[in-house]
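K.L.:
This is the structure I want to talk about, given as structure tokens.
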Amino acid sequence: MKLISMVILWWLELSCTFCQNEPSGNFVNKVQRELKRQTHIEAIAKDLQTRIGLGSVFSPTGQGPQAVLAPLIKSVLDSVIAEVGANISEACMNSTTQMLKAALNRDEWALRMIDAIGKPPSGLLDFNLQWPGNYDECVQTQVSVLDNSTGLVSEPFAPQYCKASFVLGQNPAAVMTGGYIIVNTGMCLPDKCDNNSASLVAQRLIQLIPINITKSMPPPGMVCQDNHLPWSSSAVGAIVLCCVFAALMAIATVYDAVCQYVLTPKEQVLGGKYTDNGAIEARSHIPDGHASNVNVSNGAVPNGTYRNFGDGHANESFVSDVHVSAEHVSHQKADLKTNEHEIRANSKQYKPGVFGALLLSFSVLSNARKILNTNQPSQTLTSVNGIRFISMTWVVLGHTYVFGLGVLGNLATILPEYVKRFTFQAILNATFAVDTFFVLSGLLVAYLTFREIDKCGGAKKFNWGLYYFHRIWRLTPPYMLVMFVYTSLSKHWGHGPFWPQNGFDPNDCNTWWMNLLYINNFQDSQKMCMGWSWYLANDMQFYIISPLILVLLFYSRLGGVILSVAFVLGNFISAGVLTNVHNFSASIMQRNKDEKGDSFELLYIKPWTRIGPYIVGLLTGYVLYKTKCKVTMSKKANITGWTLATGLAIALLYGLYSDDGTIKLNKVTTIFYNATSRTVWGACVAWVIFACATGYGGPVNALLSWKGIVPLSRLTYCCYLVHPIIMWTNYYSQRQTMYWFDLEVSYKFLGHLCMTYGVAFIVSLAFESPMMGLEKIVLAAVSTPPTITIERHENRELNALDRGHVVRHV
């Protein structure tokens with residue numbers, strides 16, 4: 001409260017520069033008289049005239065409030081020069097002096113700089129401690145100083161926006177600021193002042209206000225923004241890279257259009273589909289509903305069934321987190337159709353060469369067609385599409401709340417209200433979306449890999465090298481390309497009082513190599529590049545060890561089940577022990593007062609505490625493979641399964657609720673909850689997929705399998721990669737703190753969701769789809785003979801496996 005009173009007093013002094021009416025002047029006169037009683041202020045004011053000869057400048061010229069400000073500004077100048085002059089740069093001292101003198105002379109530019117300084121808003125008792133001021137007024141002000149000796153007008157400096165962070169004390173409840181109570185105030189200072197000088201100037205300004213708390217206040221943390229942020233070599237490289245990809249996409253699209261509509265006879269365009277490697281593909285309708293290929297050179301399976309490893313659809317993969325999860329989708333065969341005319345046997349067809357085929361991998365025309373196509377091959381687990389989309393939407397919803405907390409003005413009032421709502425438990429527990437993607441990943445890996453092992457004649461004949469290569473190739477290029485563009489250019493994408501000019505990630509992502517090796521979940525979470533990518537690391541690690549279980553299950557059901565149970569028990573024990581030792585809460589969003597350590601780093605992102613749902617997915621995929629999705633189940637068993645899965649899921653989501661928003665579980669129950677909850681959630685999701693795949697899903701399966709969701713499902717992986725970047729760009733470009741209420745957050749969520757899918761579509765066209773096309777062409781080129789090429793290439797494509805993600809601190 002003392003600091004609040006201090007800042008209000010300073011604000012009154014400044015604002016009265018604009019006052020012209022007598023009542024306001026009388027009030028400020030009273031305040032000034034009280035200030036004059038402070039001996040040190042009065043002495044400084046009297047000494048200033050004799051020491052630096054500014055008496056004529058500051059002498060009162062009238063009876064208005066301008067005269068009232070003279071002693072205070074003289075005090076500021078004298079104090080800055082005499083007491084901290086040795087620590088403040090000369091350029092900063094001179095420009096600050098010019099600004100204050102111009103303010104006394106009522107020069108508009110100086111008054112605008114002072115007006116742009118942050119002032120106490122309403123809501124102080126609700127801890128609204130973000131006072132950004134007016135960023136645009138500050139940086140757009142043009143300084144003009146008249147030189148009396150020459151009569152020329154000069155611009156000795158430019159205004160710069162700085163943020164001063166005053167530490168008032170410590171309070172464990174201040175989780176967002178590391179336990180410290182901090183007031184962040186925007187300041188408009190000359191650009192001649194570096195961070196250190198600006199901090200000392202701000203400290204002296206505060207200490208001159210006669211309140212006890214100001215006398216011992218240390219220099220505030222100060223961050224001044226660069227008006228002209230320099231372009232780094234990595235930023236230039238990222239721009240060049242984007243230009244290269246854009247040029248390739250433009251050239252490839254034109255070339256693709258020429259191939260399809262100019263070089264190919266009309267009857268072929270109508271009767272066949274131009275594939276991404278330049279060959280014509282045509283099919284005739286067959287009674288069994290499959291597509292029969294007349295001329296196949298793109299890797300389609302002769303019987304019309306397209307297979308793919310690791311996704312829930314024929315050529316798709318995914319990823320997740322809520323932290324979110326996201327899914328990579330291999331959509332090279334998404335444009336299969338069953339009703340197309342036959343190409344005439346004697347017709348000519350244009351076949352691009354190797355270079356042409358490589359170029360066509362970048363074609364927007366072909367890649368967009370694949371992404372937006374809603375047709376799905378047979379033997380597809382269609383319910384996975386809907387689960388992916390819903391989970392991705394859940395992730396975006398959760399992160400809409402979490403990522404906006406740093407620029408929220410009514411945080412202290414709205415957050416307690418939220419946690420007391422029963423319905424808000426679905427937001428607080430949105431981290432279960434990550435476990436949903438772990439289940440999907442394990443299930444699709446097992447289901448599709450077992451099918452291919454069976455067709456190859458056993459695990460020994462299966463190409464395990466390509467199994468790993470395909471996964472790494474599908475995940476890594478888009479991942480690294482997005483990271484490079486994001487870390488190099490994001491600092492240039494916006495500006496404002498909250499904008500981090502050093503970037504959103506620490507140290508310009510100098511630990512990127514850990515992301516490349518998928519081990520970033522083992523480093524300090526505060527130093528992690530793209531913090532939400534911890535899920536990708538976990539999912540890749542699970543993928544690497546999954547053959548241990550897959551091979552054992554294939555040859556020995558009992559042995560595979562025993563090993564799987566051992567992994568799950570290890571998950572239970574590690575999560576339970578960590579919860580007990582560190583006294584972690586049952587929710588990552590609500591910490592215990594006596595927690596020891598960071599639950600996000602120790603419990604949330606480590607593979608030994610998250611592998612349970614993945615194992616559940618592997619076992620479910622094995623069951624679907626063995627039963628071929630044909631299970632006879634009584635109505636009673638079906639109802640029992642749905643009731644149990646629904647009841648457990650609701651209990652997990654809403655079981656932590658209490659009227660006052662606190663978690664009422666004792667320590668033993670908390671340990672049990674943290675140890676088992678994620679695996680139990682995975683079992684609930686696994687039941688939904690199992691029931692839908694075996695014909696017992698009813699309306700749930702109809703909803704999850706809706707064709708309209710298919711294109712959105714294919715974009716899940718890119719959505720995962722870009723959605724935090726989109727949210728941060730929006731939130732930290734704000735000019736004032738946000739005031740949240742339900743309708744406002746709903747609009748934010750819908751805006752983030754639409755923008756995420758829009759940007760993901762572009763990223764997929766630029767970085768994801770071309771890599772899929774390049775892989776297919778390269779693998780097809782090294783495979784012989786031609787007949788075997790189709791089968792082998794298709795089998796290798798099945799290795800497109802799931803991936804996932806989550807966002808940090810969800």
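Backbone N, Cα and C define each Cβ position, glycine as well.
As listed in TrEMBL for this protein:
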- 1-19: signal peptide (SIGNAL)
- 89-218: domain 'Nose resistant-to-fluoxetine protein N-terminal' (DOMAIN)
- 235-258: transmembrane segment (TRANSMEM)
- 394-415: transmembrane segment (TRANSMEM)
- 427-450: transmembrane segment (TRANSMEM)
- 540-558: transmembrane segment (TRANSMEM)
- 565-588: transmembrane segment (TRANSMEM)
- 608-625: transmembrane segment (TRANSMEM)
- 637-657: transmembrane segment (TRANSMEM)
- 680-703: transmembrane segment (TRANSMEM)
- 715-733: transmembrane segment (TRANSMEM)
- 745-767: transmembrane segment (TRANSMEM)
K.L.:
Counting only residues 6 or more past its boundaries, what in the same chain has a CB within less than 8 Å of a CB in the transmembrane segment (540-558)?
P.N.:
438, 441-442, 445-446, 449-450, 453, 458-459, 464, 467-468, 471, 475, 518, 521, 564, 567, 607, 611, 614-615, 618, 622, 801-803
K.L.:
With DSSP as the reference, give the number of residues of the domain 'Nose resistant-to-fluoxetine protein N-terminal' (89-218) in helix, strand and coil.
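P.N.:
Within the domain 'Nose resistant-to-fluoxetine protein N-terminal' (89-218) the tally stands at 51 helix, 29 strand, 50 coil.
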K.L.:
Tell me, what is the mean pLDDT of the domain 'Nose resistant-to-fluoxetine protein N-terminal' (89-218)?
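P.N.:
That region's mean pLDDT is 83.
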K.L.:
Between the transmembrane segment (715-733) and the transmembrane segment (235-258), do 3 or more CB pairs sit under 8 angstroms, pairs being 6 or more residues apart?
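P.N.:
No, since the transmembrane segment (235-258) and the transmembrane segment (715-733) share fewer than 3 Cβ pairs closer than 8 Å, they do not count as touching.
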K.L.:
Can you see whether the transmembrane segment (637-657) and the transmembrane segment (608-625) are touching - at least 3 CB pairs under 8 angstroms, only pairs 6 or more apart in sequence?
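P.N.:
No, the transmembrane segment (637-657) does not contact the transmembrane segment (608-625).
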K.L.:
Restricting to the same chain and to residues at least six past its boundaries, which positions have a Cβ under 8 Å from a Cβ of the transmembrane segment (680-703)?
P.N.:
381-384, 386-387, 432, 435-436, 438-440, 443, 612-614, 616-617, 619-620, 623-624, 627, 629-631, 633, 638, 641-642, 644-646, 648-649, 652
K.L.:
Restricting to CB pairs under 8 Å, which listed stretch, 394-415, 608-625, 715-733, 745-767, is in contact most with the transmembrane segment (427-450)?
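P.N.:
Most contacts with the transmembrane segment (427-450): 608-625.
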